[in-house]
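**Student:** Below are the C-alpha cells for one structure; questions will follow.
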C-alpha cells in the first residue's frame, strides 16, 4: 500500500512540473522580442566598488555602443584603488561619460542601493539601463536591443545575463542554476506575472523608480536592488522581457564552491522577502522537483514497482528536459545534455540544503 501512495505522490510532483513546462516554459521558448522602432535617450548606470580592472574592460564596451543618444554613468562607491583616476581620465575624453562619487555610506543603509539611488538621481535621461562592473555586453547593440522592450509601453524591461562557459563541473552547475532561475522569472514575466529581475541586465524608467519610492522598503537589506524593486513595482508598472543574444550581458562566475554557496545564500535570503503568492509559486516548482527525487530514490531502494517508476521518471525527463533545452536554444545558451540529469539532481538537492542554511544566515554587506 505504501509504495502505491509513494507512486501517486510521485505522479503529482511530475504533474506540477508539467504544468509549469506547458504554461510557462514552452511559451517562453517561442517568445519574440519587439522590433526597434525608435531610439529614446538612455542612461547606462554602473555602481562599482574597487572595480578598476573590470571597469577597464567594461567601460570601453559601453562607450562603444551603437546608439544615437546615451550616457554612461559610473557611481564610484568608496573605492580605494585607482578607480577614481581611471574614471577621471575617461570623463575628460568622453562628453557622454559621468561620474558620481560616494565617499561614505550613511549608517544602516545598504551601500549598493545607496550608490545606485545617487546614480539614478544624477542620471540625465528618463530611461535607465543597469549592469554590474563585472559584466560585459554581448554586442554593440545591447542598449538598442534592451530599449526595444519599451515599444509596447513598458516601465520595466527584464534581460538575461548568463555566465561564461569555463571548464569544470562547478561551472556547469552555476550556468544550469542561472538558466533555471532565468527560465522561471522570464517565463512568468512573459505571462504578465513578473516577480524579479537581475541587476546584471535590467532597465526601468525614472518615473517608475520614484513612483515606487525607489529602494525605500528594503534599503537596509543586503541585496535585492533588482528583484525586490521589481517586486514592489509590478503592481503599478508594465513589465516586458527582451532575450535575444544581442540584448544579453555575460560575466565570469565564481570559481570555488564556497564562493558560489555564499552568493546563493545571499540570494535565497532576499527571496524570503518576496510576495506570498510568488513564494508559493516558486515553492511549488522547487518542492515538486525535490520530492520527485526523494520519492524516486525511496522507490528505487525498496525495489517496488520499478517498471512504473521507470516510466514516470522517463516521461518526466523527456518533457522537462525538452522544455529546458528549448528555452536554452532560444536564449542561445549551451546546455550539456550528457550532464543534464546529474546537474538537475545536484541543483535541487543543493537548493534544499541552501534553503535550510539560510535559517542560520548571517548578514553580509555588499562590499
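In case you wondered, yes, glycine gets a Cβ from its N, Cα and C as well.
Keep in mind that TrEMBL annotations are predicted by a computer and have not been checked by a curator.
The model shown is predicted, which means the values in this text are computed figures rather than measured ones.
These came from TrEMBL, pasted as-is:
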type	residues	note
DOMAIN	43-175	domain 'Glycosyltransferase 2-like'
TRANSMEM	6-26	transmembrane segment
TRANSMEM	282-301	transmembrane segment
TRANSMEM	307-325	transmembrane segment
TRANSMEM	337-361	transmembrane segment
**Student:** With the transmembrane segment (337-361) as the reference, find which of 6-26, 282-301, 307-325 contributes the most Cβ pairs under 8 Å.
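**Tutor:** Checked against 6-26, 282-301, 307-325; highest Cβ contact count belongs to 282-301.
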**Student:** By a Cβ-Cβ criterion of under 8 Å, what residues six or more beyond either terminus of the transmembrane segment (282-301) are in contact with it?
**Tutor:** 3, 6-7, 9-10, 12-14, 16-17, 20, 184, 195, 271, 274, 309, 313, 316, 344-345, 348-349, 351-352
**Student:** Cβ under 8 Å, sequence separation of at least 6 from the ends of the transmembrane segment (6-26): give me the contacting residues as numbers and ranges.
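**Tutor:** Result: 183-184, 187-188, 190-191, 284-285, 288-289, 291-292, 295-296, 298-299, 304-305, 308-309, 312, 315-316, 319-320, 322-324, 326-327.
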**Student:** Averaging the per-residue pLDDT over the domain 'Glycosyltransferase 2-like' (43-175), what integer do you get?
**Tutor:** 97
**Student:** Sort the residues of the domain 'Glycosyltransferase 2-like' (43-175) into helix, strand and coil with DSSP and give the three counts.
**Tutor:** 51 helix, 31 strand, 51 coil
